[in-house]
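Record features, source TrEMBL:
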| type | residues | note |
| --- | --- | --- |
| COMPBIAS | 73-86 | compositional bias 'Basic and acidic residues' |
| COMPBIAS | 114-127 | compositional bias 'Polar residues' |
| COMPBIAS | 138-156 | compositional bias 'Polar residues' |
| DOMAIN | 25-55 | domain 'Zn(2)-C6 fungal-type' |
| REGION | 64-156 | region 'Disordered' |
Amino acid sequence: MLPSPQSETRFSATTHSRPIKLRTACNQCCSAKVKCSGERTGCERCQNLGTQCIYAESRVGKVPGIRAKKKRSQNDIDRPQPDRRPSYAVSQNKSPIPSAEPTFREDPPESIMQWASDSQFEPTENCSDFLDDPNIQVAPQGSNTDPSGSDESIVTSSAADDFPLPAIDFGFDDLFPSPLPLKSPPPPPLNPPISAPMRHIAENTLPPHIALQAETKQRKEMDNQCVVECCQIISDLESYILAELKAFKLALGIVRRAIEKLMELISFQQSSRNLRCMMLFNTIMYQILELLELCHATLSIDSQLGSGLTSTSRTHGLLMPSLGFGDFCIDVEEQSAWRAQMILKEVHQGSEALRKIKTLASVGPDASGTAKAREHCLADLEIRLKDLAVRIARRDV
């Protein structure tokens, strides 16, 4: 017995009205990955937390398993692929009424690329449509390139006769634009680097006035550096003089370092004397003399304190009356003489620096006129250094 249309309608209604199967766990318990009690009115966890208990539709039987997925992929591989033909074609049935718009179809870029790779028409295609279209420019027979200079024109041949086809511009530059323009190589440097021998030759062949200007500039830079160094030394020595140092070794070490630095600066001025540096040299010499006088005064005070100490308070003085090892012993007088010799050595170093400054005062183009006057300016320093050396040698304390 064949089923009636009413029975089919009833069967389809019963099929579509099948109740939806829900999950055994609610969404809250699934996201938390905990066991759900499964009450449809609300599980225990959702009731305790006060959240809305919602059950999603079960996906059992709706999601293909691993075997079904493998079978589907195998079927896709075994299925033969249809032979794709160029979709770019021209209709052979010409309309009796010519239209102003071209009769070409707008094909996707993929079809255009396949058309360009084949470069051949089908035997059933009619080329008279291209020739009759006034919007297409025909290329000359002796050329296979378009007016823009690109090699995108198409030429075909048939078994019956050979005839040229018009050049067609598919606009590949617009379809596939280049991401970045090609950069032209940088221009060659205008002044190539000069090797060391060539540089030496170029320096020797400089004009006299340019060489003189370069030498003068270098000389000025050296003089400026010398002035800066002298000002730094003057600032430091003035700070030590203002502090009134009482430590003998500290004051003597400062004097020794200042004389060494002054000797170095004087050596830089041997080739050409600078008056600013000369004046600063004199200032530094006066500061060194002041510190030497301070060392001599400290030595005199220490000698008096060391000689006046009793046997019970000798260790409180700056000089140790009974310093010695075994049978070898240095008393207060020997210690004072030893320190006096240290001061006298620095005084001699200061006199040597002063002598170099006097020699430097006679260097220069104007030495004949003002050399004697500059030497007289150093006479006071020379006299005071000699007097200090005599007092230290005689131990006039």
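Here the Cβ of each residue, glycine as well, is placed from N, Cα and C on the backbone.
Unlike curated records, TrEMBL annotations are generated automatically.
Cβ atoms under 8 Å from those of the domain 'Zn(2)-C6 fungal-type' (25-55) belong to no residue of the same chain, restricted to positions at least 6 beyond its ends. DSSP labels the residues of the domain 'Zn(2)-C6 fungal-type' (25-55) in these numbers: 12 helix, 0 strand, 19 coil.
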